[in-house]
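Peer 1: Got a structure here, written out as structure tokens. Questions coming.
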């Protein structure tokens, strides 16, 4: 039995009254064990899955394919009960949306033929026990009943239990509930009574605390023990089986159920439990399919999964029943349930027989002896010869131990068996150090467990009887006479009474309150019928039962002052005569139906017509609530419209705030043409859409988003004509290096929802699936993550579909289509996507290789430019010496050296820079644009010179000249590098291709050069760029005939004083290499030379 898969069955129920009133259509079909569901909006799209059992209960009993309660039990219940007798742990749990039929399948009704799996299994259990019981074989049965509500555990069989119980995990026993009552039973009647008592306690607690039973998980556990005596060895062995019958809470959405406030919080806790259960099932399925690298299973994330740890993927034989609604209005919930069940099929449980290890060893040896005997007899050995082996087998050296020498009991150090196997013993030194308080608590808990294990069967029966008496006293105190024998099963034939109504059919009509002759008081203190709750007063109301002369008993309801009491939805302030079938609401949560059997019989005999109203609708909790809302003047439709309007106004307000924030961020970051604005818009849109989706269904979300629009930064978006290779995305609030697959899935969901919303929700399911596959592959490659499981994109597409839904009216008809049409279309689309993705990857690789080549060439060019000026500068340093000055002082000896190195006959005269300083000062004062540009340029030059001085100080005597300036890509030239004629002459200029660096000093008395010739400059640190205006033969071949203006002398300034002042001389030391002018300055400086040349010509 080890390694068996979980049994999965699906069952579809008939239409209920709400679905019938809305003219719902059936979208679920079954053929054999295959179940199919069709999308009501796109009939060609359907889901088909195969399960172990598919039960069609949508029609009536006359249908030959109809699955009754007995058939469901024969297929699932009998098999699980057989495993329990074999010694395995067993679990059956039902899952589905609210109202899908889980409680009916598990519990059923009291009518014959309507009982569910739990009553039938319990009845069949005791039937087999009575048949198989003998002197060598005995049985014992213990039961417990608990409820998990909002992650709190309550004991439903112990009236003294107050509050929630604590869930703990023992290293040997596994997870268990501390102080949970475990009651001994001897017959099916005892179990039925305990289940009724548990349902009553559940109903009372739910009504008093304003809870809904469909929002709580109920776990009914049966501990079945088999004790056998082996006559051969004289040993007693036990096999213990735990049967867990779980009725999960209904899975529902806040928008479909209208949950708000506390109901929404309850739903969040239920969704937490069910979501954790789904995570556990997915993790176990991935573990079986070898898709999961880690063995961690999140059992402890919720109380439900923690308690079901052994039943899910552990030591248990498990079966799941998925309850389905056939209506098209519940398509999304039904589809989710089917996917849930399909994942559960992949789980495999390793179940073992729970028995003593010695007994197991003896059993295995006996089976071996029997097999060898059959083998010897098959070979022709007589039975008389085999009989002589018994003495040898009983000897110490034989196969079986002798009866006179039973095996020694296990030592205290060896722990009891767990799941049929011995756990390794833990030495005290291996255990972690614990504090004294924890040690004392653990000691008390261990002593309590030992006391429960050593408790005799008679003591357990006495404990069960004591708890039964306490429950009877509690029910009598509440005003429910008749005890536990009649409540919820029998109703009085003549006495008027009240029957409770509840949203859950399992908890409805299980509490009965008699109205005695005379006065029956209702309230919280000193009353006959005790109710508790926020809106129940100490003296709430009273019932007067007065016999009439004709024998009829008339019951009158008299409310107390200030107490809220409603009859058929109307507030009662004066005494009112009750009729059989009236709906009574006391406070806000206690709903009852008044039954008067004798009055109803007399009316039928008199032929009194029934009261007006729909005769087919039963008088249940929904009918009472609807009646109460209508009489109170509360129109549900108007309330929903008002709520939608409020949500729309809130969305508009948040959108305006998001628009303002995005506009501020765009202006601050100055990224109108980048993609940062789109990223921020995507995040804000996802925030608003997800918050709106938590409150409303997808179609309503689409309507509001279409009407109000999406958040935008004001940037005009150009339509994308071709697919663009995406840039690297930034995950919000997380380092991309630590991004997980869940983060990538969430990012893909955000981007796809944003694109779908931008396209006015025109995407169909196939397009969303294609986008999901492309986005996931794209994100995985971008962040260097493995693509992981092949169905990761399916989860993304499902989340997108659940968030944005489908456009209203799209996906029209077209009939049923062929069975594999959708699959073929998806495969073709996926192949096309793979092809496009491959092309994009090749283009990306080519672009990256070209970028690498360009970068290598750029680095090589920069290295060459650094080497060439350094060689020329070294030659100049060997020839020149002296101080480097920025302004040419008089009487400098370096002039002669400069003249000797120059091939020109004369040296250029030096002119005082007074005119240049005056012009610069005038422009600085008059032209603000010139002032800003010059200050910006000077700041850059100061930073450059500081860097040169710092590197020169560290490098010693020689220093490499700065490399040629390479402007960044797509960088616009800013002022002062503009072709403005009035600014050109203000910049200190120099000869063609000469850098404005430090020059050797010149004599003032040197003769001027000839006017018709410009001497060539022997010192050029580098060759100008070919595209510059001062480079090439045009500036060097045809020299200018005009003498060089005085304001074109090289000049450097650190400040802008009002009067021109020469720069002080530098400190003596290693001279600096000539300064290399950026290309932009040379292009601007060449313009005056061109003008002079043109004027001369």
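Glycine is treated like the rest: Cβ placed from N, Cα and C.
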Peer 1: Which residue range, 779-823, 824-868, is the one Swiss-Prot calls coiled coil?
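Peer 2: Of 779-823, 824-868, Swiss-Prot gives coiled coil for 824-868.
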Peer 1: From 673, 916, 986, pick the one Swiss-Prot annotates as phosphoserine?
Peer 2: 673
Peer 1: Where does Swiss-Prot put phosphoserine, among 257, 671, 713, 892?
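Peer 2: Looking at Swiss-Prot, the phosphoserine feature maps to 671.
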Peer 1: Do you know which of 677, 1028, 1033, 1055 is annotated phosphoserine by Swiss-Prot?
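Peer 2: According to Swiss-Prot, the phosphoserine annotation belongs to 1028.
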Peer 1: With helix taken as DSSP H, G or I, strand as E or B and everything else coil, how many residues of the domain 'FHA' (520-587) land in each class?
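Peer 2: Each residue of the domain 'FHA' (520-587) counted once, the result is 0 helix, 33 strand, 35 coil.
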Peer 1: Would you mind pulling the DSSP three-state label for residue 101 (ATP binding site)?
Peer 2: coil
Peer 1: Sequence gap of 6 or more, Cβ distance under 8 Å: name the residues on the same chain that satisfy this around residue 102 (ATP binding site), in order along the sequence.
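Peer 2: Same-chain residues close to residue 102 (ATP binding site) (Cβ under 8 Å, separated by 6 or more) are 94, 95, 96, 247, 248, 250, 321, 323.
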Peer 1: Let's check the environment of residue 96 (ATP binding site): how many other CB atoms sit within 10 Å of its CB?
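Peer 2: That number is 26.
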Peer 1: Using a 10 Å cut-off, grab the number of neighbouring Cβ atoms around the Cβ of residue 99 (ATP binding site), all chains included.
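Peer 2: Within a 10 Å radius of the Cβ of residue 99 (ATP binding site) lie 23 other Cβ atoms.
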Peer 1: Who sits close to residue 101 (ATP binding site): which same-chain residues at least 6 apart have their Cβ under 8 Å from its Cβ?
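Peer 2: In sequence order, the residues whose Cβ lies under 8 Å from that of residue 101 (ATP binding site) (at least 6 apart) are 11, 13, 57, 323.
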Peer 1: Enter the number of other CB atoms within 10 angstroms of the CB of residue 100 (ATP binding site).
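Peer 2: Taking all protein chains shown, residue 100 (ATP binding site) has 27 Cβ neighbours within 10 Å.
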Peer 1: For residue 103 (ATP binding site), what is the tally of other C-beta atoms lying within 10 angstroms of its C-beta?
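Peer 2: Cβ-Cβ neighbours of residue 103 (ATP binding site) within 10 Å number 22.
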